[in-house]
Amino acid sequence: MKYIIIALALLPALMKISSLPFNAYGFGLLSGWLGMSLIAASLLLIIREPAWTDWFGGLQHMYLWHHRMGMMGYVLLLAHPLILSSHYFELDLDVAWQYLSPFNPDPINMVGWTGLITFMLGLAATFTQRLSYSLWRRLHMLLVGAIMLGLGHIWMADSSSVSFVIACFTVALAIGWRIIRGDYGIGAFPYEVNAVYHPTEQITEVSLRSLAKPMLIAPGQFVNAAFFQGPNFQGCGEFHPYTVSRVAKDGSLSLNIKALGYCTKHIQSLEPGVAVHLQGPYGNFLLDRPFSPEIWIAAGIGITPFLALLRSDKVDQKTDLIYLHREKENVPFEKELQTYAANQELLHFHSLAMENDPTLLFKWLASISRLKEQQIYLCGPPLLIALTTSWLQEQGVSRRQIHFEQFDFR
Ligand SMILES: Cc1cc2nc3c(=O)[nH]c(=O)nc-3n(C[C@H](O)[C@H](O)[C@H](O)COP(=O)(O)OP(=O)(O)OC[C@H]3O[C@@H](n4cnc5c(N)ncnc54)[C@H](O)[C@@H]3O)c2cc1C
């Protein structure tokens, strides 16, 4: 499927190649076409249909591809006026400057430059990690405006070409699909909050009852959930990702949601009867695991995929579960996890209270015999996953033995 996307990203530019002159002017036009078609094709990677995301190795990988293609497209678009201008550099400096200047009043130039500058602003927002998700999303929408301006620029230059029609069709398909099926949740699974329980002040365990055909989901996978309204609750209505923490035989599911930002803080006052839409299932964490001893490392609310697995079945191979948390007492789920470990010979549970410095975890891991032979599963914040992965690799654990789920992606 990746190759189809790459082919689609190259098609409009390839269709143009034969009509372009073999000089700097032609290369300038080619970089514009390539940039625009890469960006149009990258939009297909924001469609969140589960089967579609599976083809790219999961939502996280798919978004990575989306980012890389978008960045490559942007660099090519920046090169477009530079290369065009370089063609005129020796012939006529005034004309060369007109291609470079955002202040050139020619409408085609103004639309192109406004698109490029808008794109730059949208990208700057994309890389600002500390923004709340909803603000980040709104700023990211600037990129859609930039793409429309880019298409407007092409339309003014070359409206009748098939390449232009393909680029427009790709953009319309991707954005339309994402808005209708993704953001408006048409086709999402309807659920209802059945019960709410608070393991701690900051965490809400939500049990969901299916109102139609239930979603087929396995422990370790996650859903995109939007909470709507109930008798006294008004949810933020946005889709956010949560890993299931229980998958019951009757199709009901549980989520454990930690208060972090606007939406998740709001969810803490959830009540039974609230309507919920679920999209998914997504992800393949903990699915199809090779038969060998395992180490599970969960940081904070990253315990949810392991909780779902333990709540559904006993472990069938030697498993060390290391639970990292900040609490000195009242550790959420600790008693439940201790009970599983007490009743299962193969399961060993270790609770480690620590702050951000992972030295304690590394010390503990270093004491494990035959570390290099174990399969290691990590779930938690990206920084901890990155530090632990590189430490494990330094100890000789192969990258193929390390599996992780990050609780943050955009
Ligand atoms: C695969 C996955 C599984 C997750 N499972 C759980 C879980 O089981 N329990 C739990 O409490 N939390 C889970 N999270 C984290 C949860 O999605 C965020 O805490 C929540 O979306 C925060 O939203 P907010 O509006 O409250 O906060 P914001 O202030 O908007 O965001 C706080 C942080 O969450 C990230 N985030 C917010 N919305 C999204 C989104 N739609 N997609 C990706 N990242 C987002 C932001 O990048 C930001 O760093 C999971 C995240 C991912 C990616």
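Cβ atoms are placed via backbone N, Cα and C, with glycine included.
Here is what TrEMBL says about this protein:
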- 25-47: transmembrane segment (TRANSMEM)
- 68-88: transmembrane segment (TRANSMEM)
- 108-127: transmembrane segment (TRANSMEM)
- 139-156: transmembrane segment (TRANSMEM)
- 162-180: transmembrane segment (TRANSMEM)
- 186-288: domain 'FAD-binding FR-type' (DOMAIN)
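Counting only same-chain residues 6+ beyond the ends of the transmembrane segment (139-156), those with a CB under 8 A from a CB of the stretch are 32, 36, 39-40, 43, 70, 77, 107-108, 111-112, 114-116, 118-119, 121-123, 125-126, 128, 131, 164, 167-168, 171, 175, 410. Under DSSP, the residues of the domain 'FAD-binding FR-type' (186-288) split into helix, strand and coil as follows: 6 helix, 52 strand, 45 coil.
Within the model, the domain 'FAD-binding FR-type' (186-288) shows a mean pLDDT value of 92, rounded to a whole number. Proximity of the transmembrane segment (162-180) to the transmembrane segment (68-88) is not established, fewer than 3 Cβ-Cβ distances being under 8 Å for residue pairs spaced 6 or more apart. Counting only same-chain residues 6+ beyond the ends of the transmembrane segment (108-127), those with a CB under 8 A from a CB of the stretch are 67, 70-71, 74, 77-78, 81, 98-99, 101-102, 136, 139-143, 145-150, 152-153, 156-157, 410.
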